[in-house]
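K.L.:
This is the structure I want to talk about, given as structure tokens.
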């Protein structure tokens, strides 16, 4: 009889996981629910507005804004992979997510987050071409080239996601089904696996570290050339415009890669899950919320496009 009970328990662990989320009583859960809901609503509204403005305003139909629209789409999608389920769990007594649901969540989160990392590198290359090679820019960054760069970012994201998801869920989960996190991610899943996770940790740190270092290298090289070009400009107005545009991108890059590095590319990240939960809130909700604000408040073209859209709406 006991062995039959253990067998059923093992099956339950394999079929379902429990997302423990954040601790605390009802008041704490209510406060966190309010914070998460506010962050998510601003993220959705801000990124949808950015996509609409860039799509409708013909003055923004350039490579830079094509990439920015894709960035908004990625922010909207990968925050939506996490936030709705997290919000539901704040008032759920079971907090259960199925094995298939956990696999799907990890796959799409990894796909979209990795794609965003590559896209930020592409955006730096775009600024490099626009500022350092303005005569070649229209040819080099034509519509087909921009589309291929975005598709390449998605392919890179998909490859990393397939590797991380398949290797993670190939592990046996027989000791516990309680995930010490508010969504399915590689580090907390490795904590509850009862097999040897050395290869998984090597893949996590190795691939994520390689992506971060590689993309950061592209960004630093691009901005190194950009800074040299800016310093050679005689026009003060031109310098300010370039600094404003590039400053927005560098702010987004610093926020994104800073939090991702803390979570995935440093030794000991898997053990410090309490710190990981807080960091995860930043890159799953706070950064996707801030990106539209960063690019709209610091960008004269976007502000003017928003004003024109508002005037057109009022005229109707």
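Glycine residues also receive a Cβ, built from the backbone N, Cα and C atoms like all the rest.
Got these off TrEMBL a minute ago, pasting:
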DOMAIN    46-295  domain 'G-protein coupled receptors family 1 profile'
TRANSMEM  30-54  transmembrane segment
TRANSMEM  66-86  transmembrane segment
TRANSMEM  106-125  transmembrane segment
TRANSMEM  145-163  transmembrane segment
TRANSMEM  202-230  transmembrane segment
TRANSMEM  242-266  transmembrane segment
TRANSMEM  278-297  transmembrane segment
K.L.:
For the transmembrane segment (202-230), which recorded stretch in the set 30-54, 106-125, 145-163, 278-297 gives the largest number of Cβ pairs separated by under 8 Å?
P.N.:
106-125
K.L.:
Let me spell it out: take the transmembrane segment (106-125), skip the flanking residues so only those 6+ beyond its ends count, and list any with a Cβ under 8 Å from a Cβ in it.
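P.N.:
Sequence-remote neighbours of the transmembrane segment (106-125) are 64, 67-68, 70-71, 74-75, 77-78, 81-82, 149-150, 152-154, 156-158, 160-162, 164-165, 168-169, 183-186, 189, 211-212, 214-215, 218-219, 222-223, 249, 252-253, 256-257, 260, 283-284.
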K.L.:
So if I exclude everything within five residues of the ends of the transmembrane segment (30-54), which remaining residues of that chain have a CB under 8 angstroms from its CBs? That is, six or more out.
P.N.:
22, 24, 60-61, 65-66, 68-69, 72-73, 75-76, 79-80, 83-84, 86-87, 90-91, 281, 285-286, 288-289, 291-293, 295-296, 302, 305-306, 309
K.L.:
Considering pairs 6 or more residues apart, do the transmembrane segment (145-163) and the transmembrane segment (66-86) have at least three CB pairs under 8 Å?
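P.N.:
Since 3 or more Cβ pairs under 8 Å link them, the transmembrane segment (145-163) and the transmembrane segment (66-86) do come into contact.
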K.L.:
When you scan the chain for residues with a C-beta under 8 Å from the transmembrane segment (278-297), skipping those not six or more beyond its ends, what do you find?
P.N.:
36, 39-40, 42-43, 46-47, 49-50, 68, 71-72, 75-76, 78-79, 82-83, 109, 113, 181-183, 185, 248, 251-252, 255-256, 259-260, 262-263, 303, 306
K.L.:
Residue list, the transmembrane segment (242-266) vs rest of chain: Cβ under 8 Å, 6 or more residues beyond ends.
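P.N.:
Residues 64, 71, 113, 116-117, 120, 123-124, 127, 131, 186-187, 204-205, 208-209, 212, 215-216, 219, 223, 226, 230, 233, 275-276, 279-280, 282-283, 287, 290-291, 294-295, 298-300.
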K.L.:
Give me the mean pLDDT over the domain 'G-protein coupled receptors family 1 profile' (46-295), rounded to a whole number.
P.N.:
88
